[in-house]
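As structure tokens, the structure follows; a few thoughts come after it.
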Amino acid sequence: MDTGGSSESPIETKKGKSKTLRKTKDSVLKQKSPAEFFAENKNIAGFDNPGKSLYTTVRELVENALDSAEAISELPVVEVMIEEIGRSKFNSMIGLTDLDRVDAELYDDFETVKAREKRLAKEARNQEIQAKNAALGKKVKEPAAAKGIRGRGEASFYRVICKDNGRGMPHDDIPNMFGRVLSGTKYGLKQTRGKYGLGAKMALIWSKMSTGLPIEISSSMKGQNYFSFCRLDIDIHRNIPHIHLHEKRDNKERWHGAEIQVVIEGNWTTYRSKILHYMRQMAVITPYAQFLFKFVSDASDKNVTISFARRTDVMPPVPPETKYHPSAVDLLLIKRLIAETSKQNLLQFLQHEFVNLGKSYAERLIGEMGPDFSTKMPVKSLTSQQIVRIHQLFRQAKFDDPSGDCLSPAGEYNLRLGIIKELHPDMVATYSGSAQVFEGHPFIVEAGVSVGGKDVKQGLNIFRFANRIPLLFEQGADVVTRSALKRINWNSYKINQTQDKIGVFVSIVSTKIPFKGTGKEYIGDDIKEIASAVKTSIQQCCVQLKAKIVRKIQAREQQERKRNLSKYIPDATGAIYDVLQEMARSHAAKRKRYEGEDAELLKKVSVRSITKETLSEKLAQHVEQVDYEMALEYATHSGVKEEPREPIYIQSLEAEKQFIDFHCPIFVFRLFQ
């Protein structure tokens, strides 16, 4: 009995311990750093696959370069190079030697005997079919190249280099700016190009995941006699930079800006068109920037070099940071503003931390909050219940809409220049709407519509921009696409939606772009204020184009009338001259008398001072005069393209002189002092 009891007791104890341990292990709280979260959910930041990652890396670096140059009012010069790195070169970079395969069956591109027999049998059948077709005189198709299986070991690697002439970065800030996720200079309520504030940090995370190589940064600020060089990667789990080298070097050329170099896995073949399309659209929306793009490969036939020249030196102003609108805040944000404010009492807090809240209106709001509130009460002493009361009143009260002073759209002038520079259309119209509001955030919609041009497909070609960056993915669900396809009656504007080459450009700027989806690649169609503004902007452009198209049609009809009249001049001249001769004979025989100018004319016909050739010349001159007057009127309305050309001397963009710009939607008049 004792033995039986002692034998069962250890078993029960062991089982009990194992359950306790398992329960304890499962209930342990775990944390993830921001870097670890984005590494595991890289598709959120646009790093879905190697090809998309290459595109997103280029996009993030280019947009950072533009922001950096615009921040110091410097005309941007951005150079981008993508260098293809073969497997052998990549292995040498990381210190690996190429090895021959020992066990070929381990590899996913190994072809078994059965698969080889099947492939050879298929090739034999194809050759037999081609021989029969050739004998019958039928067209023989070229055999398709066999597609090999591409494994992970056959991944493609690329070195991406982006250089700019911006403000650069402070020496001590570089490690945290690249090696710490969710730390940067773009946070705050203002119009920004970024979507998450990740920038090059996500490119570094992807580099660490795909190649393990660090990122290299060279940077110098204006006036510095040195430039900073930093080589680093990121500690994913702790979200801190891991610095390999960080030093100051002699800046002999007095260069300022940044040069970023990162090696990542990518796919140029599938995303080549997207990257080039992105660069082209960026040149459209920023014609004041100069871009140089290069793709370098060991195969010279794959090399690409494209230069997008600067068209103007007129830059939009840098968008300033603004205050929150009362109707656009939540409880958490109100608490944060209270914690960060330097104001002492509630009245000062409402006046200075929110936009469009004057003293008198703030006093009325405080009076409406109840007896527990006063203008002089310390704002730091507000309880949670009182903060909820403030939030409820903010949601119910009426407030003036915020102005668009905090926004910096591209401008009609720049948008028009960009379209003309890249598409060379037959005609173009642009429109910039006034500032409007959705959910307490101001926004401005600009639009351009072009007809004709080079490298433009028939039908609608839609170009979408949000805060002056191109949107290339998920176009079908976007508010711009749906407005252009479903809400615009193109035929009413004399535009053929299917046969004409139509370019539709819509740029939306706001302190908050209402992106949809995790990738933030399109703007939803559910916000009626934005949808209405987009439709109105496109329609205004179409109205301008309709006037131009109607004048063009009238000019074409006038030319056709001129040709028809000129064709009948000989017959009309002969008939009129015969009638005049008959009248002259009747007048001379006194059968019918004519007086005044009629008699003088008939006398000239009799003495042959007016001949058939004279009448023909006069009719031709009349047709030419009418055509010239109408053509001149058309040229005056449609632009200088049809007018006589005159030499115009334009001051060089590099000349450092003082001047004043007078802005107009379609041109800028510069007065040099």
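Cβ atoms are placed via backbone N, Cα and C, with glycine included.
TrEMBL: automatically predicted annotations, no manual curation.
Database features, via TrEMBL:
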COMPBIAS  1-10  compositional bias 'Polar residues'
REGION    1-28  region 'Disordered'
BINDING   ASN64, ASP164, THR185, LYS186, GLY194, LYS195, TYR196, GLY197, LEU198, GLY199, ALA200, LYS201, LYS520  ATP binding site
DOMAIN    402-561  domain 'DNA topoisomerase VI subunit B transducer'
Query - Reported mean pLDDT - the domain 'DNA topoisomerase VI subunit B transducer' (402-561) - result: 89
Query raised in the report: Taking the Cβ of ALA200 (ATP binding site) as the centre, how many other Cβ atoms fall within a 10 Å radius?
Result: 21
Query raised in the report: Cβ-Cβ under 8 Å from LEU198 (ATP binding site), same chain, 6 or more residues apart: which ones?
Result: PHE38, ALA45, GLU60, VAL181, LEU182
Query - Per-residue Cβ crowding (10 Å cut-off), top of binding-site residues ASN64, LYS520 - result: ASN64
